[in-house]
Amino acid sequence: MERGYILALDQGTTSSRAILFDRNSRIAGMVQKELRQYFPQPGWVEQDAEEIWQSQLEVARAVMRQTGVSAENLAAIGITNQRETTVIWEKRTGKPISKAIVWQCRRTAPLVAGLKEQGLDGMIRAKTGLLLDAYFSGTKIQWLLDHVAGARAKAERGDLLFGTIDSWLIWNLTGGRLHATDYSNASRTLLFNIHTLSWDPELLSVFNIPPSLLPEVRPSGGSFGETLPELLGGAVPLAGAAGDQQAALFGQACFRPGMAKNTYGTGCFMLMNTGAKAVASEKGLVTTIAWGLDKRVEYALEGSVFVAGAALQWLRDGLGILESAAESESRAAQVEDSGGVYFVPAFVGLGAPYWDMEARGAILGLTRGTGRAQIIRAALESLAFQTRDVLEAMEGDASLKLRALRVDGGASANNFLMQFQADILGTRVERPAITETTALGAAYLAGLAVGFWSGTKELEKNWLLQQSFQPRMPEMVRNRLYEGWQEAVGRVLSAKPLSRT
Ligand SMILES: Nc1ncnc2c1ncn2[C@@H]1O[C@H](COP(=O)(O)OP(=O)(O)O)[C@@H](O)[C@H]1O
Ligand SMILES: O=P(O)(O)OC[C@H](O)CO
């Protein structure tokens, strides 16, 4: 029986997806299931780790059933995941001790402020490439150990395990046989030294985290054990794991230094490959491990934007002025422009390049003439403005001008947004034929590890352009609109606090 497929498990913030790829990198089947989000307090975001696992298993089984692909037809599985989201579970029972704290959650902002006051930023940045922010896993783990009854004592006895979503899935897929993560996910925890490639004792002590909690760190392409036979009807090798943004960089075939992609999902994440060099940012970006292959790792510069497609979800679920995210495209096109309206979606503070945990969202420039279409348009435009903020930082850090930006992710399907993006950047935007590049990257990592594909040269040839968007906005207009955006952001930064009760 031919092993003609790789199964990618893409556990994103919005949904769990299972996608089958054939040898030509074509999608042979895909099943997706939306996930519940919990917002128990302002600025808090949680998910149910059991639901994450069950939904991921369900979509994997469903795509195999729908396509008639069995475990014997799978050469390997590759896992990719929303990063930083933190799960702690009991080693003996495999039960999570609480809901997962999602990457967007701001509950640990006071802990971060305390660490900043101790002047620890510099040391942490030098070792991890990251900034001190509630976004990363370190303070989330600390918070759970200190707030879930009995957790710290159990952790100290070695009874608990921590994992980002990749580790949680690997643990469950292997029936609790393997507690592991990969370099790219480890590099998002604030606990991993990205230069020595090891958990750092000084950082563990800063965050007060017992080492027994931590997973073993492995290369992103390589062995992560195999699935319990009863889960998918046979044992399948788990041969790849990577954080979703790094996987998307790989899936976009950005294998060489200077190549970059931007993913428009829940958030927006631009990553540039910097090769074997860990470039330290001076412009508010983070340095992260792109992937580890064999015994070496490659690095990337990253601009992380916390709210992108999530702004459309809010218009749909919070305000109820959209039927679906996709409808935003036709609504935005109903009007010539946003009528001077700016939407700053700082629902959970602002990430790169501002890193302001206390900022909160605003819609500015409202007049009696403002209608639904202008607000929807302003929300979409905010994705493009935030991307310009990040691209300018990246070009500054890397001392280069990008010739074209490769895009992917759910909202990259929006043609209005992609054209506005090209216009606001003054740079060509290139959308590939496969925009499921996160899953594709995970499949590539796993496929290379088991010899399903011969090497990155073969994969580069699989990258096909679907549509390119050329900038056509006059420079004067571009600059005026962007200046308006910068002014709008200036109004929400916490240096100018809103009075809050
Ligand atoms: N046509 C569209 N226009 C704008 N936003 C969209 C469109 N389709 C999906 N989105 C947004 O993209 C996000 C889903 O993209 P996806 O890549 O699946 O995200 P994630 O990996 O974060 O779960 C949602 O936040 C949704 O609102
Ligand atoms: O779920 P996504 O695709 O928006 O990605 C989330 C990021 O990994 C968070 O760092």
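Every residue gets a Cβ built from N, Cα and C, even glycine.
Remember, it's a predicted structure, so these values are computed and weren't measured experimentally.
According to TrEMBL, the feature ADP binding site maps to T13, R17, T266, G309, G410, N414. All protein chains included, R17 (ADP binding site) registers 23 other Cβ atoms within 10 Å of its own Cβ. In the three-state DSSP assignment, the secondary structure recorded for R17 (ADP binding site) is strand.
The sn-glycerol 3-phosphate binding site annotation in TrEMBL covers T13, R83, E84, Y135, D244. Of all Cβ atoms in the shown protein chains, 26 besides its own fall within 10 Å of the Cβ of E84 (sn-glycerol 3-phosphate binding site).
Counting only same-chain residues at least 6 apart in sequence, those with a Cβ under 8 Å from the Cβ of T14 (ATP binding site) are E34, L35, G265, T266, G309, Q313, G410. The feature ATP binding site is assigned by TrEMBL to T13, T14, S15, T266, G309, Q313, G410.
Counting only same-chain residues six or more apart in sequence, the Cβ atoms lying under 8 angstroms from the Cβ of Q245 (glycerol binding site) belong to R83, T263, F269, L271, E302, S304, T438. What TrEMBL lists as glycerol binding site is R83, E84, Y135, D244, Q245.
Annotation source TrEMBL lists domain 'Carbohydrate kinase FGGY N-terminal' at 5-251.
According to TrEMBL, the feature domain 'Carbohydrate kinase FGGY C-terminal' maps to 261-449.
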Nearest recorded site to D244 (sn-glycerol 3-phosphate binding site) by CA-CA distance, among binding-site residues T13, S15, R17, N414: T13
Collapsed DSSP category at Q245 (glycerol binding site): helix
When distances run from the Cα of N414 (ADP binding site) to each of the binding-site residues S15, E84, Y135, the nearest one: S15
Shell list (glycerol; ref centroid = CB of R83, E84, Y135, D244, Q245; cutoff 8 A): Q82, T85, W103, R188, G243, F269, S304
Fewest other Cβ within 10 angstroms of its own Cβ, chosen from the binding-site residues T13, Q313, N414: Q313
Rounded inter-Cα distance in Å - R17 (ADP binding site), Y135 (sn-glycerol 3-phosphate binding site): 23
Contacting binding-site residues, sequence order - T13, Y135, D244, Q245, T266, Q313 vs ligand 2, Cβ under 6 Å: T13, D244, Q245, T266
Coarse DSSP state, helix versus strand versus coil, of Y135 (sn-glycerol 3-phosphate binding site): coil
